Each structure stands twice: as C-alpha cells, then as structure tokens.
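Database features, via Swiss-Prot:
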- 143-309: domain 'Helicase ATP-binding' (DOMAIN)
- Gly156, Val157, Thr158, Gly159, Ser160, Gly161, Lys162, Thr163: ATP binding site (BINDING)
- 252-255: motif 'DEAH box' (MOTIF)
- Cys366, Cys369, Cys406, Cys409: Zn(2+) 1 binding site (BINDING)
- Cys375, Cys378, Cys393, Cys396: Zn(2+) 2 binding site (BINDING)
- 390-570: domain 'Helicase C-terminal' (DOMAIN)
Amino acid sequence: MAPWLELVFDVPLDKSFTYRACAAHAGEALVGRRVLAPFGARTLIGFVISESHSSPADCGGAVGTFKEIIRVIDREALFDQTHLACARWMAHFYLCALGQALCAVVPSRKRERTLSSFASCAGVRRTDTYALSGEQRKAIDAITASTGARSFYVHGVTGSGKTEVFLRAAEAVLARGKSVIYLVPEIALTHQVLQEVYVRFGSQAAVLHSALSGSQRLGEWRRIQCMRHCVVIGARSAIFAPLKRLGLVIMDEEHDSSYKSAHVPRYHARQVAMYRCADANCPFVMGSATPSVEAWYAMLRGAVRRLPLTARVAGGAPPRVEVVDVSKEALLLSTRLVDEIRKTKEAGYQSMLFLNRRGFSYSFQCRSCGYTLCCTQCAVPLTWHKRVGAMQCHYCGRQEAPPESCPCCHSFDTRYGGVGTEYIEEAVQALFPEYRIARVDTDALRSGHVQQTMEQFRAGKIDVLLGTQMIAKGFNFPTLRLVGIACADTGLHTPDFRAAERSFALMMQVAGRAGRYVDNGLVIIQTRNPAHPAVVCAQHGDCESFYAQELAQREALCFPPFVRLIRFVFRSKTRRKAKDAAYAAHALLTAQMPLGADVLGPAACVVAQVAGSYRMQILLRAPSFPVVQQVARSFLDEFRAPAGVYVESDVDPVNVL
C-alpha cells in the first residue's frame, strides 16, 4: 500500500495534515519533497515532513476521510532534516506555523532555471593582495583557530579592511574542506564585495538573493545541494543555503535592519545564523563600523569576542568632520557646503551628498487651513515626485496627480514642504550647471541603474553623487573627498527607541566613504540639533561614548538589550474592529503576565493606517525571553480574532512604527 504522508502548508495553522500518496509514487521516499494537494476548496503546495506505512486507522482515524495528493513536484528532496530542524526552531522562536517557516527556508518555484551567478563580474581580475596589518592578522588567526560555535565581531572603522579579514578566513575554512555562507545586506549595493568573492573563489561561489526569480533561485539551490558550490554569498535568505559541512558564517554590516524579515516568519538572519552555527559547531563572524546596540552589549558581556581594526588599510588620517548648524540658513545647502563642493571639484576630486528621503518634496500643505495631502489608504503624507509628475505613497505605492488648490478649503495658497533627493539634485544642478551629477535612491534601484551609476562614479565620470542610505553601504571610491549630510535630523526624532542608533550609524557609515584614498577628506554634517549626542559622537567618531549613553538610556527606560520585546499588531479595514480586538487582547495578556513583565498599550501604531487597514499595537516586555515567549504563545493559542481582524506577531522587532 502507498505510504501515508504528513504535510505542512504555508498557512497560519500550527498543525500538520495526513494525506495518502498517489499510487504512482508507491515505494518512493517523499520526505523533503513538495507535493500538490487539495486543501479545502484550494489546491496548495505542501511539504512532506514524514511518511508512514501504518494506516491512520491504527490510530483511530477513518481511512476514507483522508485525501490523496495530486502529484509530486520535486524529483529529489528539496530539504533535509537539518532544514526541517531549523524550520521547527524558527516556528517555535518566531511564533509562526511550521509550514510558514519551511516556506521561508526553501525556494518556492516549481521549475529550475540556469543562472550565471557572477555574470556581472566577468572580466574582473584579482588584484595583488596587500600585506595584512597586525590587527587584521590577529583577527584572522582568532577566527581560524576557533573550535566550536564561537561568535566574533570584527569591529573596525570604515576602510579598515574588514572584507579582507572575512575573505582570508573563508579561504582557510575552504582549505579544510568545509563551506562558507557570506551574508550582505543588499546584493544590488554590494557589487564590489561580489567582485572580490568572484576573483577569490570563482565557480566555487554562488549567489542567492531576492532579485533572483523563483526558478533561478531553485536552480542555484539544486547546484548547492549537489556540492557544485562551497561558498554562498547573498542577502538575508542566503542563511538557509543547503551547504554541506558548514564551517563558517559571515555577516557583513551586522547593524543593517534589512537582515530582519518584514514578513512571516519575521526572522532576523543574525539569530538564524547563530542557530545554524551552533548546529554545525562552527564560528559565526559579524562585522561593522557601527555595531547594533545589541551586538555591542554582547561584546561588553563577553558573549561575543571583539576583534578591533583601528586603522584604514590605505593609510592616512580619517576625514575631518564639521557640524554646521543650519537653523539660520535660508537654503537647504549651507554656504559652507556649497563652497566645499566647488573647491573639491576644482581640486579634481568628487563629492557625495546624502539625504535619507527620496522624492522632490515631502508633502503638499495648505497655508490657509493647514491641510496636508495624505494617502487615502495610509496615514502618511504623499510625497511629490517631480520626475513622474505625481504624488506617491511610499507605503502602498499609490499615486495621484498633484492638486491645483487645497482639496479642503480650495485655497491656492499652498506649498510643498520638506525636501527629497530629487530636490537636492535640482538645487545642485542650478548651483553647478557644468557639473556631472547623478542620483541614487530606491527609485533608481528599481530602474536597475544603481550599479552602472556607481561604476561611473568610481571611474570619475560623475562629479557629485546624490543619494539616500543606500550610498552608505560598502562602496570604495578612490577620488571621493567630500561627503555632505544634508539633513542629519531626518531620523533623529522618529518615535522609535532605535532612532538615535539608526541616525548615528547612518552618519558614521556615510562619513566613512570620504577620503579613503585622499589625505584631506572632509565630512560636513548639516543639522538643527548640533548638541544631540548622536551628532556629537558621529562628529568625533566616538562609538564608545555613544553606546555608553545609549545603553544607559535604554536601561533606564527598560528597552532592549536589557529586556526582550514581542510586538502584536491588530489590523482591520474597520477602525473599531482593530481597536476592540486590541483591547480584548490587552485584557487577556494582562491576566497572563507574570511578575516582572508588563504590557505596553494598546495604542495606535505610529503609522496608524497602511493599505487601507487600521493598525493598533501591543508590546510585551520582560527581562527574560522564555517568559515573554511563553505568554505570547499562550495568548496566540487562546485568542480568537474577530472576523476581519488580522494579528501579526513580531519577536524582537527592529522598529515599532
């Protein structure tokens, strides 16, 4: 008789389902393969997690009530027991169903497609490797001499050679016959790292990232399974790569928030990497010039070993950093910054201007009645994008034509408030019409021009590069002298406990692009809050003082890393339903919370409406993770959301907006 199969599906049901295998596959091992199966009125892809020759009737079930699968999708197993164990851990830790976790782990498409992983790197040749500094050598020796699942942090100033440490450690691991996972925040923004990996490892390396189609990703997955690759580089999801004999996991730019998934399961690649390294009994190496506060605290406690790199490998002094108070400046670009852009060009060098807001203007405002044009589906102002001639919502993507008068009072006395990268681009072009200027932001990323623009800038074909936070990530430019941060205040006052941490990291990362190969590098930070600790510490490159102040404040206010948080968001198309569900949940949670733990909320999310859904949130807070996790699990088991209300759970949220 054909075996009985235990399946899980990508649905929010924390249970498995028993199906009959079709006769065509009788006798085949189906565990680890995907199948097409009827699920209620739908047909879904299921994951086979076990099989049995024992009839369900032996356990009291009626055989005739069990459905038969429609067909088997995979010729060979797509996942093994290692992946299944990881998915079980994720389901438990991140409060989701096993099928949802497994769906995040394995590729989703049915057919394979061949991909040349490093096609964009063709023709790149390896440059002569430079002599390692003493600090680099110590870091490499510490990593390669490690036995067991030890965590390290390569903490170095920008340009200190962290990538070389990672690559040399990877070479040593490969020489022992083991494999390596190399995580980066965003593949499209780390082309130089890709080139380094290509010239070091060639066909041994594979790329896994979100820009691959489902079929391309499946093809790469299969080749990794067949051991055609022993190095995998990629963004967040590359942590699940099916490598055999895993010997090292590297996480570059550990502080980057893109390592946290915004969708179920809302996993953080750092936590999954720690799990995989513990399972494989191998070292985990993180690195950044600006560690997350959690990572810094782990280093202070000795849970993670810090490996410092204090000097730039190209030599020379770090750039000089000036803070300009623009509270009395009439224009966005201060006189000081404009003068330095001109001097930099005259000296034959390049400039980079940073503003963490895309678009032309931030909002449409009426001077007569104070009306601000907002998205009808989201509780956020629409942003004016001059190039496409539309007001756009950066949450749901909705666009509409700009109004000629105030929609509320019909006044013509209106204005566009705030500025974005498009505005700066126009302003710089007006000031320097003869300069070659380019812009890099999310809009440019979608058009696929980022890599081309960055290569042109690196080749000296662009005089001034404008951009959002993506220009802060992993680029080296030989003749970049000046970096201007147009408005350091953009993220400082966001109602999120990580606001100062993010702003400090951005300022440090952007500043780190300046003067890597130029002796007189300069960074100009424009702000209306020159005394803010994040600005002061960024000006002096003083990480230790910033983290000390931030940790003291977090401890006083009972925020991570001194407590653990779990966030619940209740969303509904009806405001009243979302609110009622949140208050009902609050009553249930309050009754369950043990001594020392508390419930924050309910309250409307900072962004109270997204894509037409109203949002309320509750935060669970406790010094011990098992405590808060148990309360959250009990709550999810007991709470029954009303029709039309959806509950989202987020363990260790990176933002609370």
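Just so it is clear, glycine is given a Cβ too, placed from its N, Cα and C backbone atoms.
Since this is a predicted model, take the numbers as computed values, not measurements.
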Sorted by position, what residues of the same chain at least six away from Thr158 (ATP binding site) have a C-beta under 8 A from it?
Ala289, Arg312, Met508, Gln509, Ala511, Gly512, Arg513, Arg516
With a 10 Å radius around each C-beta, find which of these binding-site residues (Cys366, Cys375, Cys406, Cys409) has the fewest other C-beta atoms nearby.
Cys409
Going by Cα-Cα distance, pick out whichever of the binding-site residues Cys369, Cys375, Cys378, Cys396, Cys406 is nearest to Ser160 (ATP binding site).
Cys396
In whole Å, how far is Cys396 (Zn(2+) 2 binding site) from Gly156 (ATP binding site) when you measure between their Cα atoms?
38
Cβ-centroid neighbours of Zn(2+) 2 site Cys375, Cys378, Cys393, Cys396, 8 Å, sequence order:
Cys374, Thr376, Gln377, Val380, Leu382, His394, Tyr395, Gly397, Arg398, Val610, Ala611
DSSP says what for the motif 'DEAH box' (252-255): how many helix, strand, coil residues?
0 helix, 1 strand, 3 coil
Given the binding-site residues Gly159, Gly161, Cys396, find the one whose Cα is closest in space to the Cα of Cys369 (Zn(2+) 1 binding site).
Cys396
Roughly how many Å separate the Cα of Cys406 (Zn(2+) 1 binding site) from that of Cys393 (Zn(2+) 2 binding site), to the nearest whole number?
18
If you compare CA-to-CA distances from Thr163 (ATP binding site) to each of the binding-site residues Cys366, Cys375, Cys378, Cys396, Cys409, which comes out shortest?
Cys396
Give the number of CB atoms, excluding that of Gly156 (ATP binding site) itself, located within 10 Å of its CB.
23
Fewest other C-beta atoms within 10 angstroms of its own C-beta: which of the binding-site residues Cys369, Cys378, Cys393 fits that?
Cys369
For Gly159 (ATP binding site), which residues in the same chain are close in space, meaning a Cβ under 8 Å from its Cβ, but six or more apart along the sequence?
Arg312, Val313, Ala314, Asn476, Gly512, Arg516
Val157 (ATP binding site) versus binding-site residues Cys366, Cys375, Cys378, Cys393 - nearest by Cα:
Cys393
Distance [Cα-Cα, Å, rounded] between Cys396 (Zn(2+) 2 binding site) and Lys162 (ATP binding site):
37
Using C-alpha atoms only, work out the spacing between Gly161 (ATP binding site) and Cys393 (Zn(2+) 2 binding site) and round it to an integer in Å.
39
Per-region confidence, the motif 'DEAH box' (252-255) (mean pLDDT, whole number):
95
Among Cys366, Cys375, Cys393, Cys409, these being the binding-site residues, pick the one whose CA is nearest to that of Lys162 (ATP binding site).
Cys393
